[in-house]
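Data first, discussion second: the structure below is written as structure tokens.
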Amino acid sequence: MVGASDNVRGFLLAISSSIFIGSSFIIKKKGLKKAGASGTRASDGGYSYLGEPMWWAGMIAMVLGEALNFSAYAYAPALLVTPLGALSIIFSAVLAHFILKEKLHVFGIVGCVLCLVGSITIVLHAPFEKDIESVKQVWHLATEPGFIVYSLIVLALVACLIFFCVPRYGQTHMVVYIGICSFMGSLTVMAVKAVAIALKLTLSGSNQFVYFQTWFFTILVVVFCVIQLIYLNKALDIFNAAVVSPVYYVMFTILTIVASMIMFKEWDSQNATQIITELCGFVTIVSGTFLLHKTLDMESSSTMPSPPYHSSPRLPEP
């Protein structure tokens, strides 16, 4: 069955992506720390990390991971690929425990297990990818009233966060940076999926780069990714590396699923039982990520006396 075969390809690509992305968080965190010790920190508007080899090593790992993730969207629906990002959280939390010495409590391990169980549940009940024969079909879906309204709301909220909230609350409220990255991320995934489908069709013999829609989606991917990378760097520099990722994952995944439902209507082909099971799997993942987040938050509070601890999650940065 072609749909099932494509889902398996997407699943394997998403797993590989999580391994690279999860390790990149830790490598880049160490690079940011080294760069901040000798120059202006990223959170203060500095770019000294660009001269730090370790940061670039983390960047390469993330690019490889994102490339694999990009490929996964060409074969499987966002409802399958996006929730599997929880595996990168597990990988990065374990590495943070051993490399960055950010302790992982036993309840954090339980959180990791919940993430795995939820991911497996979603994988087993995910919808099959729709048969799309041209990027023009994706363009038609993206220009329907429902998705246009969603996009305008997202852009308005991002503008509000950047110009109003960042100057006032960016240094103390992690959700400001994570909100920017999550909202932009939901639109990025839709554009990435369009470009990935265009590449897959082009490689199979049907050139999609003769259509302006393909180039339009490509430009959106580049612009949206740059915005996310800037604010992800700021978030990771300020907040605990083991906490940013779980919260970012939850916000990003929820918004991406909403965007995907509106644009690709992936639940139209499923019955109520399948949808409810997928939602249960996602709630299980959310429970695991927040348990992991709370555990690390408590651990940090007990080891950091006076300075106020920013109970914030960690985002994937550039």
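Any Cβ shown, glycine's included, is placed from N, Cα and C.
Predicted automatically and left uncurated, TrEMBL annotations should be read as such.
Per TrEMBL, the features are as follows:
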- 6-27: transmembrane segment (TRANSMEM)
- 47-68: transmembrane segment (TRANSMEM)
- 74-99: transmembrane segment (TRANSMEM)
- 106-127: transmembrane segment (TRANSMEM)
- 147-167: transmembrane segment (TRANSMEM)
- 174-198: transmembrane segment (TRANSMEM)
- 210-231: transmembrane segment (TRANSMEM)
- 238-263: transmembrane segment (TRANSMEM)
- 275-292: transmembrane segment (TRANSMEM)
- 299-318: region 'Disordered' (REGION)
Under 8 angstroms for C-beta pairs, at least 3 of them, ignoring pairs fewer than 6 apart in sequence. Is the transmembrane segment (6-27) in contact with the transmembrane segment (74-99) by that rule?
yes
Within the same chain, where does the transmembrane segment (238-263) have neighbours whose Cβ lies under 8 angstroms from its own Cβ atoms, ignoring anything closer than 6 residues to its ends? I mean 6 or more beyond.
25-26, 29, 43, 77-79, 82-83, 85-86, 88-89, 92-93, 96-97, 100, 102, 104, 111, 141-142, 144, 146-147, 150, 154, 171, 174-175, 177-179, 181-183, 185-187, 189-190, 232, 282, 285-286, 289-290, 292-293, 296-297, 300, 310-316
Pairs of Cβ atoms less than 8 Å apart decide it: which stretch in 47-68, 74-99, 147-167, 174-198, 210-231 has the most with the transmembrane segment (275-292)?
74-99
Using a Cβ-Cβ cut-off of under 8 Å, list the residues of the same chain that are 6+ residues beyond the ends of the transmembrane segment (106-127) and lie near it.
7, 11, 76-77, 79-80, 83-84, 86-87, 89-90, 93-94, 246, 266-267, 269-270, 274, 277-278, 280-296
